[in-house]
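Feature annotations, courtesy of TrEMBL:
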type	residues	note
TRANSMEM	12-34	transmembrane segment
TRANSMEM	40-65	transmembrane segment
TRANSMEM	86-107	transmembrane segment
TRANSMEM	127-145	transmembrane segment
TRANSMEM	152-170	transmembrane segment
TRANSMEM	190-207	transmembrane segment
TRANSMEM	228-246	transmembrane segment
TRANSMEM	284-309	transmembrane segment
TRANSMEM	321-340	transmembrane segment
TRANSMEM	346-367	transmembrane segment
TRANSMEM	388-410	transmembrane segment
Amino acid sequence: MAALTTTQTSPSLLGGVVIIGGTIIGAGMFSLPVVMSGAWFFWSMAALIFTWFCMLHSGLMILEANLNYRIGSSFDTITKDLLGKGWNVVNGISIAFVLYILTYAYISASGSILHHTFAEMSLNVPARAAGFGFALLVAFVVWLSTKAVSRMTAIVLGAKVITFFLTFGSLLGHVQPATLFNVAESNASYAPYLLMTLPFCLASFGYHGNVPSLMKYYGKDPKTIVKCLVYGTLMALALYTIWLLATMGNIPRPEFIGIAEKGGNIDVLVQALSGVLNSRSLDLLLVVFSNFAVASSFLGVTLGLFDYLADLFGFDDSAVGRLKTALLTFAPPVVGGLLFPNGFLYAIGYAGLAATIWAAIVPALLARASRKRFGSPKFRVWGGKPMIALILVFGVGNALVHILSSFNLLPVYQ
C-alpha cells in the first residue's frame, strides 16, 4: 500500500530578499548625492562598499546570536540574556527610538509625497490626511502576517525597481564623463569630505530589525537567511551605485551646493534632474518612484518594530495579540505625523546616532558573548575576533563622526 505523504512548501528565498532589500532602499536614498557631493563619486563609492561590508556582517552577527534562542525571540530577549540588563536598556532604547522615529519619518514622507501626487491629479488631499490613511493601510498589512508584508513588499519593490530603471535609464543615457569625473575643477579636493558621508551610508543600510523576523519566516535555517541578507544588501548597493552615476553624471558638482542650501529635499533634487532632460515624463516617473520607495521601507521598518514590541511585551500571535502589537507600533508615530507632518529629514538625522548602537556595536558584542556561552554551533560569522573588532570600531567611529558633525567640527562642502 502506498504511504500517504504531505509536503509543506517552505517560503521562497525571494520573499526574504525583498523584505531586506525593500527595507534598505527607501526615500532616504534621495539624500545620498547631496551629502556625498563633497567626496564625489569614487570616494563615495568606497564609503558605500565599506559600509555595506560592515553592515552585512553586523546583521550576520545578530543572526548568529539569534539562532541560539527560540523562534520569535528578538533583541530584547537575546541582549538581556547575553549582555545583561544595562546593555539591554541601552539597546532597547536605541532600537525603539530608531524604529519609531523611522516609522514617523515614513509617515511624514508618505503624507508629503502623496499630497504632491494627488496635486498632480488636481486633487487637494492634505498631507496629514494622506499620511494617516497610508499608515492605516500599512498597519493592516503588518497586522495580517509576515507573509502578507513579504508579498506586498515584493509587489511594491518590483514596481519600484521598474520605475527606477525607467527613470534612471534615461538619466544614465545622458551621463557626461566630464561631469562624473569633475573635469571642470582641476584642483578639487574630495578626501576631506569623506568622513561626513559615513553616517549617511550607515543609515542607508539599515535592516537589522528584520533579522529576527526572517527567523520567524524561515525557521532556524541560517543558510537561507544568510542568502537573504547577502542578496538583499547587494541589491541595495547596486541600486545606490546606479543612483550616484545617474545624478553625479548629470548634475555638476558645484550645483549640489545650491541644492543643499535649499534643504536637499526630494523635490529640489527632482527639479534639478528634471532640468537635465527637461522632461515632464521624467518628473512624473520620479514622483511615482519616490512613492514606491517610501512604501517599501515603511513596510519593512514597521515589521521590525512590530516583532520587537511583540517580543518585548509578550503579545501572542493571535488576532487580538497582533492587534495590541499593531496599536503600540503605529499609534505613537501616527500622532507625531498628525502633529508634525514635515519632520522627515530631521527624523532621519536623529535616527543615525542611535542606529550605530544596535546596528553595529551591540551585534558585535552579541556575537562575542554568544560564542563564549554557546560556541555558535549552528552558524558562525567568519573572521573571528578581528571581524568583531572591526564592527565595533566601525560603530564607535560612526558615532564619533555624528558627534563631531553636530558641533560643526568636520569640513562641509559649500
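Residue numbering: from 1, along the chain as shown.
Every residue, even glycine, has its Cβ placed from backbone N, Cα and C.
Ranking 12-34, 40-65, 86-107, 228-246, 346-367 by CB pairs under 8 A with the transmembrane segment (127-145) puts 86-107 at the top.
The list of residues near the transmembrane segment (346-367) in space but at least 6 beyond its ends in sequence, with Cβ under 8 angstroms from a Cβ of it, reads 28, 31, 54-55, 58-59, 61-62, 64-65, 75, 78-79, 82-83, 87, 90-91, 93-95, 97-98, 101-102, 104-105, 108, 199-200, 202-203, 206, 208, 376, 381, 388-389, 391-392, 394-396, 398-399, 402-403. Relative to the transmembrane segment (321-340), the listed stretch 284-309 leads the set 12-34, 40-65, 228-246, 284-309, 388-410 in CB pairs under 8 A. Counting only same-chain residues 6+ beyond the ends of the transmembrane segment (228-246), those with a CB under 8 A from a CB of the stretch are 13, 16-21, 23-25, 29, 32-33, 36, 41, 44-45, 48-49, 52, 55-56, 59-60, 63, 161, 164, 168, 171-172, 175, 180, 204-205, 207, 211, 214, 218, 273. Counting Cβ pairs under 8 Å that are 6 or more residues apart, the transmembrane segment (388-410) and the transmembrane segment (12-34) reach fewer than 3 and are not in contact. Taking pairs at least six residues apart, the transmembrane segment (40-65) and the transmembrane segment (284-309) share fewer than three Cβ pairs below 8 Å and do not count as touching.
Here the listed stretches are 12-34, 190-207, 284-309, and the one with the most C-beta pairs under 8 angstroms to the transmembrane segment (152-170) is 284-309.
Below 8 angstroms of C-beta separation, residues 44, 106, 109, 113, 147, 149-151, 153-154, 156-157, 160, 200, 203-207, 210, 213-214, 217-218, 224-225, 227-229, 231-233, 235-236, 239-240, 243-244, 247-248, 251, 256, 259-260, 264, 266, 269, 290, 293-294, 296-301, 303-304, 344-345, 348 of the same chain, each at least six residues beyond the ends of the transmembrane segment (12-34), sit close to that stretch.
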